[in-house]
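Engineer: My structure is below; once you've seen it, I'll send some questions.
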Amino acid sequence: MVQAHGGRSRAQPLTLSLGAAMTQPPPEKTPAKKHVRLQERRGSNVALMLDVRSLGAVEPICSVNTPREVTLHFLRTAGHPLTRWALQRQPPSPKQLEEEFLKIPSNFVSPEDLDIPGHASKDRYKTILPNPQSRVCLGRAQSQEDGDYINANYIRGYDGKEKVYIATQGPMPNTVSDFWEMVWQEEVSLIVMLTQLREGKEKCVHYWPTEEETYGPFQIRIQDMKECPEYTVRQLTIQYQEERRSVKHILFSAWPDHQTPESAGPLLRLVAEVEESPETAAHPGPIVVHCSAGIGRTGCFIATRIGCQQLKARGEVDILGIVCQLRLDRGGMIQTAEQYQFLHHTLALYAGQLPEEPSP
């Protein structure tokens with residue numbers, strides 16, 4: 001309990017001799033002052049005293065988790081490991097997977113949390129923003145006064161390894177040179193594109209050349225092209241000043257927006273193409289993955305590759321844990337329950353392709 005006691009002004013100090021103090025009668029008790037909030041005492045000379053005798057009656061203060069803290073705790077700790085056997089023979093039902101998916105916090109970023117002037121002009125979707133703690137910052141090789149912003153995040157890979165991927169949106173007309181600057185800056189040697197240019201409306205601009213083109217200070221050339229049933233592979237070179245590098249570009253177009261492919265086989269073949277690419281093993285830079293918004297199909301591809309690596313190395317996969325890790329790095333990764341179910345189906349198919357293991 002906080003008690004208030006009257007006090008004299010500092011301009012009139014109290015002086016009282018010892019004798020006078022002993023002969024004067026005790027002062028009359030004055031009624032207790034009305035409780036006043038601390039905010040209302042600003043500028044006052046009223047002294048504050050804490051009555052420690054009352055502390056035992058005060059309930060202990062309990063820490064209350066904010067929604068943000070709850071979100072982060074869930075994403076950091078949730079998991080549902082499935083053995084190869086369980087994934088193939090006792091998988092969760094579609095209803096169970098939908099319920100599990102809907103419990104995962106999206107971890108989207110609000111515009112108020114992204115204090116970067118002018119970023120809206122470089123966002124394809126105003127509600128899909130890069131999480132600040134993992135966003136890619138451009139070093140501005142172009143010497144422009146556009147700041148360091150690009151709608152892209154570093155994404156962890158298998159076993160939590162840092163910066164294995166960069167998840168980003170499909171380039172816009174005013175961000176194509178930013179995209180190539182990111183590719184150069186991060187020493188990217190592999191780009192995986194998971195959208196068509198138009199799906200009813202524009203999903204991504206044609207950011208690579210037919211033969212040769214210059215984007216900002218970067219010159220891009222097509223060296224070779226290979227058509228596969230489900231995807232197209234292009235070998236590019238990117239040149240900045242006198243230095244030239246090779247980049248492999250894979251366009252996987254058999255995946256409708258907000259939906260899933262007709263079968264899991266093509267996606268697994270795409271993962272195998274990436275896994276077997278010399279660019280994957282020989283270069284330390286991250287793999288750039290994008291669709292249109294950079295969260296749905298992008299998240300599915302990255303989660304599929306991580307899940308395949310878990311199954312191969314451990315004999316089990318934690319799909320819930322994978323999605324939570326992805327959403328910590330970029331909000332909204334894996335957009336729909338249908339995509340979450342398809343991810344389980346795809347990894348069950350992959351588990352069946354691995355060498356046989358004994359039943360539990």
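Backbone N, Cα and C atoms are what each Cβ position is placed from, and that goes for glycine too.
Take a look at what Swiss-Prot says about it:
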- 38-51: region 'Interaction with MAP kinases' (REGION)
- Ser44: phosphoserine (MOD_RES)
- Thr66: phosphothreonine (MOD_RES)
- Ser93: phosphoserine (MOD_RES)
- Ser110: phosphoserine (MOD_RES)
- Ser143: phosphoserine (MOD_RES)
- Asp257, Cys291, Ser292, Ala293, Gly294, Ile295, Gly296, Arg297, Gln335: substrate binding site (BINDING)
- Cys291: cysteine sulfenic acid (-SOH) (MOD_RES)
- Cys291: active site, phosphocysteine intermediate (ACT_SITE)
Engineer: Sequence gap of 6 or more, Cβ distance under 8 Å: name the residues on the same chain that satisfy this around Gly294 (substrate binding site), in order along the sequence.
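Structural biologist: Spatial neighbours, sequence-distant, of Gly294 (substrate binding site): Ile128, Asn151, Ala152, Ala167, Thr168, Gln169, Gly170, Arg330.
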Engineer: Compile a sequence-ordered list of residues in the same chain as Ser93 (phosphoserine), six or more apart from it, whose Cβ lies below 8 A from its Cβ; state 'none' when nothing qualifies.
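Structural biologist: Same-chain residues close to Ser93 (phosphoserine) (Cβ under 8 Å, separated by 6 or more): none.
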Engineer: Are there residues of the same chain, six or more positions away from Ser292 (substrate binding site), whose CB falls under 8 angstroms from its CB, and which are they?
Structural biologist: Arg124, Gln169, Gly170, Thr195, Glu199, Lys203, Cys204, Asp257
Engineer: Can you count the other CB atoms that lie within 10 A of the CB of Ser110 (phosphoserine)?
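Structural biologist: Step by step: centre on the Cβ of Ser110 (phosphoserine), count other Cβ atoms within 10 Å, giving 9.
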Engineer: List nothing but the largest Cα to Cα distance in Å, as a whole number, among the residues Asp257, Cys291, Ser292, Ala293, Gly294, Ile295, Gly296, Arg297, Gln335 that the record says bind substrate.
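Structural biologist: The substrate-binding residues span at most 12 Å between Cα atoms.
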Engineer: Name the residues of the same chain, 6+ apart in sequence, whose Cβ is under 8 Å from the Cβ of the residue listed as 'cysteine sulfenic acid (-SOH)'?
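Structural biologist: Correct list: Gly170, Met193, Leu194, Thr195, Lys203, Cys204, Trp255, Asp257, Arg297, Thr298.
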Engineer: Whole-number answer please: how many Å between the C-alpha atoms of Ser110 (phosphoserine) and Gln335 (substrate binding site)?
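Structural biologist: Each residue's Cα considered, Ser110 (phosphoserine) and Gln335 (substrate binding site) end up 17 Å apart.
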Engineer: Compute the average pLDDT of the predicted model within the region 'Interaction with MAP kinases' (38-51).
Structural biologist: 41
Engineer: What's the number of neighbouring CB atoms sitting within 10 A of the CB on Gly296 (substrate binding site)?
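Structural biologist: Step by step: centre on the Cβ of Gly296 (substrate binding site), count other Cβ atoms within 10 Å, giving 24.
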Engineer: Let's check the environment of Asp257 (substrate binding site): how many other CB atoms sit within 10 Å of its CB?
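Structural biologist: So the number of other Cβ atoms within 10 Å of Asp257 (substrate binding site) is 17.
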